[in-house]
Amino acid sequence: MSSLARSVKNFARPAPVTATLLLLNVLAFAITVLQSRSLMHPLQASSFAEHGILYAPYMHAPIEWLRALSALFLHIDPTHLGFNMLMLFLIGREVERGLGSIPYLGAYLACGMGGSLAVMLQAPLSPTVGASSSLYGLMAILLAFSIRNRTQVTAALVLIAVNFGYSLITPNVSLWGHIGGFAVGVLLGALMFSRLRFRLWVWGVMAVEVFGVAMVGNALAV
């Protein structure tokens, strides 16, 4: 086995969902680059991106609610992708180890969909892509871990403050997506202390979000 293959295996073994999410994001970016023939503007002239971008006025048909999830895997340029994948690499592994792979996957998607729903409600005419709403949710869950374990609480708070500060001063950033994802992460972080199995809460939140996305999409189409 080559050293590269061994390194990949060693990374994927303790955090297989995080490794898979990283791969899917890179693969989605590669598809948009190949279709658009542009590394810096991959969402232009890409049918894959056209059918995956979160844009509320397009989401009135029954299947279109999936845009609330597909948009999480699209990125506008290499810098956008690279920054989000670095954050996923750093935060995702820790949260996956704490929650377990299946609950972690549900939490990742629930936080992302929460961000999508917030964008649909507050900025419905803003086309939106990126994994950051999920990442903001993971930061909130990481904070909950820190509080529960009474370790590195300050570090988690600083991480959140720096990222929200960046969102406030940087143009063309989906602030509502970040707020929505973080809010769902706070909710899930609080539910970690519940006696009911965490994964039941996660999938329950997901079901409510799917219903909400479908309802908002239909309302905006009227």
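Keep in mind that glycine also has a Cβ here, set from the backbone N, Cα and C atoms.
Remember, it's a predicted structure, so these values are computed and weren't measured experimentally.
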Can you dig out which of the ranges 39-56, 129-146 TrEMBL describes as transmembrane segment?
-> 129-146
Tertiary contacts of the transmembrane segment (153-169) (same chain, 6+ residues out, Cβ under 8 Å) = 136, 139-140, 142-143, 146-147, 175, 178, 182
Best-contacting stretch, by C-beta pairs under 8 Å, relative to the transmembrane segment (65-90) and drawn from 102-123, 129-146, 200-221 | 129-146
Within-chain partners of the transmembrane segment (129-146) [C-beta distance under 8 Å, separation at least 6 from its ends] = 21, 25, 43, 49, 52-54, 71-76, 80, 84-85, 87-88, 91-92, 94-95, 98-99, 107-112, 114-116, 118, 152-153, 155-157, 159-160, 163, 174, 177-186, 188-190, 192
What else in the chain is close to the transmembrane segment (200-221), if you only count residues 6 or more beyond its ends and a Cβ gap under 8 Å?
-> 56-57, 59-60, 62, 64-65, 68, 103, 106-107, 109-110, 113-114, 116-117, 120-121, 124, 184, 187-188, 191, 194
